[in-house]
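A.B. asks: Starting off with a structure, shown below.
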Amino acid sequence: MARDAKHCPVSPMKNSLLVTAGILLIIQAASCQRVRVDPEVEAYPTESVDLRCQFVDEGNTKLTQVSWIWEPTEGQRDNIAVFHPIYGESFPDSPFNGRVRFIQGTLTNPSITITSLKMADAGRYTCEYATYPSGNEQGTTNLVILAKPKNSASPVIVQASTSGKPVVVAQCEAADGKPAATIKWMGEVGGTDNTTSKKGLDGTVTVRSVYLLVPTPEDNGKEVTCMISQRTQDKPQTFPMKLSVEYPPTVSIVGYDNNWYIGRTDAVLTCQATGNPVPTNVTWTAMSGRMPDTVQIADNKLIVRKVDEAVNTTFVCEVKNRLGVSKHQVTTAVIEQRKKTAGPSTAAIIGGIIGVVLLLVIVGAIIMVVRKRKQNAENGDGPPKHKPPPPVKTGSSTEMLNKHVTDPVTKELTETQPLSKVYYETSGEPVTDLDACDVDDDNTLGGGAANGGSPAVLEDSIQYADIDDTLNDGALPPYSGADGHHVDEPPSTTVARGESFVSAAMYV
């Protein structure tokens, strides 16, 4: 974005209109800016930079001369370059001698290039025109010299604290940067940080930060990270570090199992030591004096080739590092016979095997059930999704209701009697006495003993003749009401289990 500037006359304003006057002044100044420059330019040391300047909307204005004026952050203004249409280019004595030149060398475009930049070159650069009749007009560019910091970080070797006071355990620095860098710490040890900055003579800034902690042996080897951010960096730079906390050695002896019996071979004691610096000097001694002949020393190991009464003593391991000495001892007791060590019981082993087998069986059963359900779902198996059809009689109604009877004396067919029992085939339902009935004195169907004393299936108003005619016609009799008229509704189906019933018609 370019910025123009020009000195323009401003009409006098009354005191009561100061606010309005300020607004009008800004609008008027903006409307007459004709020197166009870049508001701000960034560059780096040792590089080159172009400072652009252009006079626009010249009109009737006469341009007589253009000058570049440098105003450092701290110091006085200096002319560093002048261009005159007749006398040409001029470079007055300044810190830029030999490092500044005009790009084109014209009044309307007097842009310049500065080479071999230094940090001290930062400041304000004004492109100023001498014009007639309006006077001087100018535009100013702010040159910012950026400097990439020199980043570094390192742990500080400390000793484990006994005073409880925090000390510096790591440091981080961003040197000679511009603008100043920012430093943050990340760690798992719960320390604190302290950051300071120092400005250099050339305008750069050095930022230094330290990480403080009350060090303990447990903090040795733990990690902290320094993160440096600065304007010239694409992303923050991180420095992970492992703390170095020095402490005297600690030692322990392992390997004695209270089962050193006479004749045992290759019994081993190991001297385990920790410390920072790492202990390197390990010494084995026996409290009884001279080391037994059956004992061999190999670095931090004491090996008894064959156990006898001579090793019935106390062994001492001593380790050293630069900060101190540490000892540990173990007393070995020699026994006559070997102790039996308890192993896993047979019952426990069998129980474990049974448990594993049961677990496998349960898992297998679950898998089979899941697969079976999946197959049933795929094959459409399951409960029926429709109502089953009603029961169907095995023979015709006429054959079931009328049966010819032979007289045992005359051997002749004398009469027909209603079939006392007619059975239906059902889908797995118990066989039911459907049509058993008695004949009343008035030749009507009634509820006799054949029905077990229960009410008859058909109403008393239905005559045998009607039934016989109807059955002979191949159709079932209609239902009748109490008044003798036929009705379309079937009798109630709420019949007890022991009673006869006739199922209503059903469409499937």
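Note that Cβ sites are derived from N, Cα and C of the backbone, with glycine treated the same way.
Sharing the features that TrEMBL gives for it:
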- 12-144: domain 'Ig-like' (DOMAIN)
- 149-244: domain 'Ig-like' (DOMAIN)
- 249-333: domain 'Ig-like' (DOMAIN)
- 375-402: region 'Disordered' (REGION)
- 476-495: region 'Disordered' (REGION)
- 1-32: signal peptide (SIGNAL)
- 347-370: transmembrane segment (TRANSMEM)
A.B. asks: Taking a Cβ cut-off under 8 Å, which residues six or more beyond the ends of the transmembrane segment (347-370) line up next to it in the same chain?
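C.D. replies: Apart from its flanks, the transmembrane segment (347-370) reaches none.
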A.B. asks: Could you tell me the mean pLDDT over the domain 'Ig-like' (149-244), as a whole number?
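C.D. replies: Averaged over the domain 'Ig-like' (149-244), the predicted model reaches a pLDDT of 94.
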A.B. asks: Count the residues of the domain 'Ig-like' (149-244) that DSSP assigns to helix (H, G, I), to strand (E, B) and to coil, and report the three numbers in that order.
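C.D. replies: When I sort the residues of the domain 'Ig-like' (149-244) into the three classes, I find 3 helix, 56 strand, 37 coil.
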